[in-house]
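For reference, the structure discussed in these notes is given below.
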Amino acid sequence: QIFNQHNAEAPNLEEAFHRMAQMEPNLDHDVSWFLLPSYWAKMVVALISFLCFANSYDGDFVFDDSEAIINNKDLRAETPLGDLWYHDFWGSKLSSNTSHKSYRPLTVLTFRINYLFAGGFYPVGFHVINIILHCTISVLMIDVFSILLGGLQFSNKGRRLNLAPKSSLLAALLFAVHPVHTECVAGIVGRADLLCALFFLLSFLGYCKAFRENKEGHTFSVFWVLVSVILGAIAMLCKEQGITILGLNAVFDTLVINKINLLELIRKSLYKDKSLENAGLLRKGLLFRITLLMCGGAGILYIRWRIMGTGPPAFTEVDNPASFADSLFVRAINYNYYYSLNAWLLLCPWWLCFDWSMGCIPLIKSVSDWRIIALAALWFCLIGLICQALCSEDSHRRRILTLGLGFLIIPFLPASNLFFRVGFVIAERVIYLPSIGYCILFTYGFSLLSKQAKKKKILAVAVLGILLVNVMRCALRSSQWRSEEQLFRSALSVCPLNAKVHYNVGKNLADKGNQSAAIKYYREAVRLNPKYVHAMNNLGNILKERNELHEAEELLSLAVQIQPDFAAAWMNLGIVQNSLRRFEEAEQSYWTAIKHRKKYPDCYYNLGRLYADLNRHIDALNAWRNATVLKPEHSLAWNNMIILLDNTGNLAQAEAVGREALELIPNDHSLMFSLANVLGKSQKYKESEALFLKAIKANPNAASYHGNLAVLYHRWGNLDLAKKHYEVSLKLDPVAPGTKENYNLLRRKLEQLQKKGG
């Protein structure tokens, strides 16, 4: 029996539901919720999902955004588009030993488009796209949930019927306002999960579109099955989880399209029941469609493998300590504990953190640990749901529970550590897709309670309260993601044992110039994780700047002892040793840093300074030249070359280097100043004057710029202008070396000229 679709008026919908109920139980009969026309339902979901995350639109680039966007060369126009297909999410070559193998070229492409349209790294455009994506996904969820909760039925005209408008609206609202989604929406890097979810849902809806009922019976479109596979491939190119939609499509086909009882099928298979031939698998094309899905999935994975290679991703013990445990028991028990925590975040998303690694969740090492209770609770619930999904006599219940569990578990499998090691303990972003299954189960549970409850309105008000609390929690959490300071500090109460949280708070304080407070947090990070080499490196840097050189040397020496290939720590150790005048050790440290990082312009720059201190001028010039070859915009290296050549009397060479530098960095006022000094000594006064004035225009409060321009005028014989700039220089810096003496000489000369004139 086929029904015509009516969306404009509620009575027509109710009539359709009543007629559908004659075929199988309808979830909406038991749900005490609002009934809205399809258009209005989608408008409400879009608006509420927008309100949840709207305050994140003007947030900064935070946390992983720096590496994935600001420091990612794949976003810049000079990087060929083809490179995106051979680089990972962070811009590293997939063949590199340090690559995390996160292959998401389409997500990086959207970042690149954002960057090009904005004309630079302006975060507003990035955030707006994320908010729009989440709103779009939430609206699509109404269609998805209407199929998952109400079944797949078509009208005479081939239009899909929404047989569960109240239930699908409730489930879509639960999804739209879930606080665990904040990381995906408010964190720009979460774009990968959003794009993956968008094409994941489109693949599912495309697969559903392959089935239509007409007067001749059940048919399906091979075209739409193939479109679904292609959309699944696109989802995977946005994030790895996308490939799981092909498995979910197969589950949906089995349960909804073919209405197969899995338990009965297993029994018949075990007993080799001949009635399997009448199961309709071949008649309805299930095996053919599953074969298409399997071949498509295998082809996608093969192409991905060919591009990425076979090398495993490079993770460390602090990223995922359970995966490095020697004992299989410890690994298994902690993985299951992580699953229970993920489930708890779906049920009660109150304690949210940007990072759950580095001691945030201590390992369970024995069965006496009280946290074993969480594992028992998780598996008690899962086994109960699985038994109901397989053994219930109610086919409607079997279908909804199996689909709910499928959407909860299958998209989570790539993050489960079962197939390969992942680089995190818990990541809220990976729950974005599994939350679909949670919303299905929640809505079905609500319908069962509504069926039993005498006062259904009280139950509906309670659910409304949950939605309202979640909206408020989303808004609060979004505001925390607007800046690194708020984000990092919000984690201190959630994960006080997480060394990375203290490290990031310290780094944020150091960037703002609050070194004393930063030292406190860096020390705590090292205390919590005595092998945290990055915290040691940053703390050593601050102590070096505060001239606490011996402690800085101890920290940096320990860092390179723990991680011998830590190039930045070797370089900083060299700087400290140079300050302690242990030049041979410093030189050795610099070369060790370069050994571990071949292209290290800053290290070549510091090596050049060491050679300059030792009067090894040729070696210094070579080191600085290497720095500028590796990094043409390295202003300090160019400046030091000009100054060294100037001081050693090589004015022609200094001038050539200065002109070369200004061609590469035309707006650098320090280079203008250095070249102007050289030109003045070469008696090219006019050109020197022009560069001095240009440098002063760019940086008018530099006393040395005015002082040296005054010297130029003094030599040139333009005494009035010399007097003017000497006075400006002394006003800006009354103790500027040499300026006061030169000014007094000029005044005496002017007095002598006045006497002669008189």
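Glycine too: its Cβ is placed from the backbone N, Cα and C atoms.
Feature annotation (TrEMBL): of 286-305, 346-365, the stretch labelled transmembrane segment is 286-305. Taking TrEMBL as the reference, the stretch among 243-266, 555-578 described by the feature transmembrane segment is residues 243-266.
With pairs at least 6 apart in sequence, the transmembrane segment (430-449) and the transmembrane segment (131-151) have 3 or more Cβ pairs within the 8 Å limit; the two touch. Sequence-distant contacts of the transmembrane segment (243-266), counting only residues of its own chain at least 6 positions beyond either end whose CB sits under 8 Å from a CB of the stretch, comprise 147-148, 151-152, 200, 203-204, 207-208, 211, 228-229, 231-233, 235-236, 276, 279-281, 284, 286, 289-290, 293-294, 296-297, 300-301, 390-391, 395, 398-399, 402-403, 406-407, 410-411, 413-414, 433.
Counting Cβ pairs under 8 Å to the transmembrane segment (403-424), the top-ranked stretch among 188-208, 286-305, 372-391, 430-449 is 430-449.
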